[in-house]
Each structure stands twice: as C-alpha cells, then as structure tokens.
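The annotation transmembrane segment is assigned in TrEMBL to 7-27, 39-59, 71-91, 111-134, 143-165, 196-217, 594-619, 631-653, 696-716, 728-753, 765-786, 792-811 (among others).
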C-alpha cells in the first residue's frame, strides 16, 4: 500500500465508528422496549467484548492479515453494512425469556447466549477492522485513533438525533446504507477489475437495503415484546379487537403509546362504590406508566376522592399543589377536585405531556395547571416556591423492585437528599405523599420510610416519627410526611378516614390502636399481631435502623446521592433464604437486575480471559524475538487506560445527569464531547509528547489531578447550577469535559506508536487488552457504584490515570534516555549492542 492510498481508509474508519456507536444506542432502545433496562445495559458489554474479540482474532491470525489485510478491510466494511440489519433481524426471532424458569433453564440460557453471539457479530467486525487500521497499515496511529474517536462522537450525536423522532428498529437499515455507501470511497484504491467486482457488490447491497428502507420498519423488523410486559398483554387484546392504539411517539426518553380498551381499570387503591369511567393506559417502552380516566367533567372522577391518593387533600386545605413525575392523569384530576389556586405538573418526558394535552378528557385543560418539562429533582433544586401538597407520583406503581427491573437505574428524587429538598419546598403545614404497591416481603415502602426518617434527622431537633403517617389497603401503602409535627386534629382525621374506608392505619401520631392489622392482614414478626411495616417504623423510631437493615432479607437501606439506586433491593446473602423458601423458583423472587449484572461481569471476565489467552499465544507465535518484560508493560498499560476510560465515562455521565436533569441528554453530551476531545488529543499527541516518557507521565498525572478537581468542583456546584438552561449547561460541560477528554486521548496513540515501531506483533494484543479491560470495567464500575458509591469511583479514576503516567515512565527498562525507546525485542537488542 502506498502512502496516498492510505488516505482512502480514514473516512471508512470514521464512518464505521460512527455507525457502530449509533447502533449501540439503537439496540439499547430496542431492548428497553422489548425487554428491560438491565438487558439493554448489556449492549455496552456486548459491544466492547466484540471489539476485544476482533483484536484477539487479529492477534491469532497475524500472518493471514499481513497478506490479506487490505482486502479484509474492504470486504469487512461492506459486510458490516449488511450484517447490522441481518443480525438484528435474526436475533429478534429467537424465543427469549427473561425470568429463566427452572424447567426451561438450560434452554433459556442457550437462547440468550445465541442472542448475544448474533448481536456481537457487527462489533467483532468493527473491532477487527479498527484494530487492523491501528496496526499502522492504514496510516499513523494517532490519526486513525482520532478518526475512530471523532467518528464515535458523531455517531452518538447522530444516533440521539435520529432516536428523537424515529423508531429505533428503523435505524438498522439506515446505518447499513450509510456504511455500505462509505465503501464507495475505497474503490479508487483498487485495480480496475477488482474495483468493478467490488463496486457491483456495493451497488447490490445498497439496492437491497434501500428496498428494506421503503417498507415500514415494524413489518421488516418487528419487535418481539417480552410476554410479561404490559405492552405484550395489550397487543394480545388488540389482536382480539379488544384494544386499540390511539397514539405513539418516539423520543430520546422512550417510546410512548396510548391504548384504549373497555378492559382497562388499573388503580393502586379504590374503596369507592361509585361507578368507574373507562380508562386509557399510557405505556412507555413496553411498561404501563399511567392511567387516564376517560371523562367529560369533574363529576365523573369523584370516585378518586375515596382512594389513598386523596388522603393529603382531606388533611390539608391545599392552595398550591406540586405533582412530580406523574405519567397519567389520576393526580391531576384528584387535585382539580379540591380546587387549589395552583397545580404545578412536572414531567420529564415531553411526549407524555403531549399525550395528556391531546387526550379527549383534557386533564390539563384548567387555568390553574402549569406544565413544566423537567426532571423532578432538578425542579426541586432550582425552584424557590413552596407548596401545601407535594405528590411524589414518580415513585408510585406496583413496585418494580419485585423483579429488580429498575435496580440498575439511578433515581435522585428517591434519595435522602431528594426527600430533604421536598421538605424544604413544603409550607409549614405542608405534606408530601407517596402511594406505592405492597410487596411480599416488604421492600419499597420500608425503604421509603427509612429515607423519610433520614431526611428528617437532618434537623436533630425533630422526632421523625411525629411527622409521618402510613395507611394502606389491600393493594398499596400511602406514606405521608409533614414538614411540621402532625397535630392531634390531623391524627383524629386520618383515623376516621381509615375507619370509613376500611383501611389499615399503620402509623399516626396521637392515635391509639395503630398497627392493628385486622382488615387487610399482612405478615409480621412471629408472635405479634402487627405487620412488618409497623414493626419497621417502631424500630426506626427507637433508633434501631442499622439492626433492621442488617437483618432484613432485602436491601432497604436508604439511597443517597452518592449511591442513588433506590430500586436496588438485592442482597447476596438473601439467595440462600430464597432457595430454602421457594426451591427451584428462587430466581423468580430475587432481584434480577443485580443478578444479571453479576452474571454479565462473570461472563465477560471468563470470555475476556479465554480470548486474551488466545491473543497472547498469537502474539508470541508471531513475534520475531521473545518479548521479555515489555509484554507485561503492554498488558498493564493498555489494560489500565481501558479501565480508566470507562470509569471516567460513567462518572461524567452520572455527574451531568444531576446538572442537566436528563440522563439521556447527559449521556449524549458526555459521550459526544468526551470522544470528540479525546480524538483531538489523539490527533495532537505526537506534537505534545514527542514520544517522550516524561511528557506522557505529565499528561497522565494531569488527567488524574483534573478528575479530582472536577469531582470537587461539580460536587460543590450541583445545587447551584442544577437545571441550567441547555446552552449554559453545554458551555459548562465543555469547560469540564474538554480538557479531561483531551488528556484522555493521548495515552493510547502514544503507546500504540511505540508498539508498532518496536514490537508490531504485540499491536493486535494491545488493542484486545484495551477492549477487554473496557468490557470488564463497564459492569465492574456499576457494581462498585452500587456497593461503594460514586465518590469511590472518582477517587479510583483519578488514581488510575496517575498510574498510567507512572507506567509511561516504565516504558523502557534499564534505560536512562528520554528518547523514544523500544519496549520489546528492540530494547534487548540495543542493550546487547551497548
């Protein structure tokens, strides 16, 4: 390959990197719709593992790639364009199950393994293509790496823009067309006959993909919804003409669908004898998130006055009501029944608000209602208004923690600090309320109780138990927290209300006979008539929280901003208890989210180890001379930067989720900017380091220091700048992410250039190590964050980049020169010559 022909490969590297990042976003969105969050998270591990396998293949077959590398790159790019839609279509046809029933366990594991093997094929191909290019065959390493990073940045931004308006399953064909079209740029580098044959194949692939693009994506790539999701049930009703879809909106926050059926009557609480109106349901990413009564006036929703949701309005005369995160219209109608002066409706998803605004019942059509599109915690941070009633509707539902489907999601409203913000936004006589489904054993509601206790204990003069009321029926618990102590009058009112509606009063100050557990009986301590809810409040009141948390079967310790995983109820020591109680069905009663994460971590470690050993043998077989200590340096250095990069990426996404108030936008901003500035750092690496160890040490140490300063600065600035307008937030993100990303882009090309010059046989191994370290660190970072907190990860990330700098100083053993040294056989040769 001559020097000029190498330039033909740069656009292809950029485009395939962009396409594969955009496809990761599309696949994650598809899995969110068809399965659950913890499965969509695995796409990241699948992609990175694919990259690593691609590097292992390069290392294992170096002789073949040395003779056929250019042809592999051309046909590999074309194959990538075709493989994305084909692999997606094939994988979606598999009979997957998410709960792994014991009688079908091996079959379920087999189908899931096959699913990930198929979905990883495009990523393996990209890993091999990029690794071959980074081996110096397609140009300078820093330029190739910069093209890869900048392309990935463009792919993130383009993917998010596409998913803002279109269905994710239509992205597969579009990306296939883009990648196939990029192959046209490789034709001029070929001889005429080869160019003609290659051009014909490119033409036919483009024609076939274009035909697929003209057909509705739901017909070409229908999404198979998991049978246990709400959407699957609704689709079965629709197939029987018993339900119909009224609206559908695709957006960055998910796919929102509105369905109507005479069979929909879903409420967490209902004690009213009044006739119910028809109800439409709102589904987001396959899960029901809200109910909209189909009514014409307020008189038709008076039945809501006999629900647990209405308790605050019977105890407080509200002038100002705040509804946080409701995705239906139950709270809206409930508030309107009591005619407050102001109803603030805060909803983070604009498409949900669009559905409510256009619904025939017009729940938002009232002059007292003001709609604010914002994350709930972000709104609480930036507002200075106070309210008489705050409904934490975002935390309501039938307990997603039951299957752990939300266990890996962060929620900054349901933390101790988030509840404190709610208390700060209450008037002196105001009340905050949550209504959440009952679980067995109790988890969610006990965690909410504990969180309120910790939030109230911030003021050491308060008695938390005197601020709380808890009532329940057969389906749900209502937990109310007052800013001021509950008065005897309020206690008498709630006792009478519970008596009239046959509700259980688990806790209320100034009331005798609470926790009777007579009407809707629930399990409790052995030898006691009270339920576990009453027992938990009693323990918390006595200051025995830690003892209760240690002994409880689920993880119910309150979430904090440092560990914001409210829906994480997993305890490793609970598995043995579940096995004794439920036998082979124990997995169905455990927290699947964290179990899937641990399984992913174990599987990636095993797979990475196996393929890394293969890559290592391939490198040793292809090396002209023994590597010596240089091999250990290659594994250590590239493994370190792969781990550090993933840790920092996750940390910055978490930090800017708080600042921007939107996890999707935060992920797009962080990934786009981090990859872009890392690409710029890679591009300028030769001028900055001149292959000197001391300069590389300075870059690594400076990156570690800047990460430490960024953590300190962002921690202080959270409450000050939270909810900034997007232009200002973008400016802040560039100021923080830009310098860090720039420095993070320097180590890889610096080290890879040394490897290519001195020990080219180790180049594919270095790429594989970097990718495998990234794939292991991805789930490992989540496990560490859920167990030890984000503060620990910030410290670890800073130290890792400091270690990268120290490893740079050890790039050559036994040499005092600061010029470019060899790291493998060349270093031994020069030493012997001396």
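Every residue, even glycine, has its Cβ placed from backbone N, Cα and C.
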Report, as numbers and ranges, every residue of the chain located at least six residues beyond the transmembrane segment (196-217) whose Cβ falls under 8 Å of a Cβ in that stretch; write 'none' if there are none. 74-75, 78, 81-82, 85, 167, 169-170, 173-174, 176-177, 180-181, 183-184, 186-187, 190
Using Cβ distances below 8 Å and needing 3 or more such pairs, separated by at least 6 in sequence, tell me whether the transmembrane segment (792-811) contacts the transmembrane segment (111-134). no
Are the transmembrane segment (728-753) and the transmembrane segment (143-165) close enough that 3 or more Cβ pairs fall under 8 Å, when only pairs 6 or more apart in sequence count? yes
Taking contact to mean 3 or more CB pairs closer than 8 A (sequence separation of 6 or more), are the transmembrane segment (631-653) and the transmembrane segment (39-59) in contact? no
Positions whose Cβ lies under 8 angstroms from the transmembrane segment (728-753), at least six residues beyond its ends: 134, 140-142, 145-146, 149, 634, 637-638, 641, 644-645, 648, 652, 656, 659-660, 669-670, 673-682, 685-686, 688-689, 691, 696, 699-700, 702-703, 706-707, 710, 713-714, 721, 763, 766-767, 770, 801, 804, 808, 811
Of the listed stretches (39-59, 71-91, 111-134, 594-619, 765-786), which one yields the highest count of Cβ-Cβ distances below 8 Å with the transmembrane segment (7-27)? 111-134
Any chance the transmembrane segment (594-619) and the transmembrane segment (71-91) are in contact, meaning at least three CB pairs closer than 8 A with a sequence separation of 6+? no
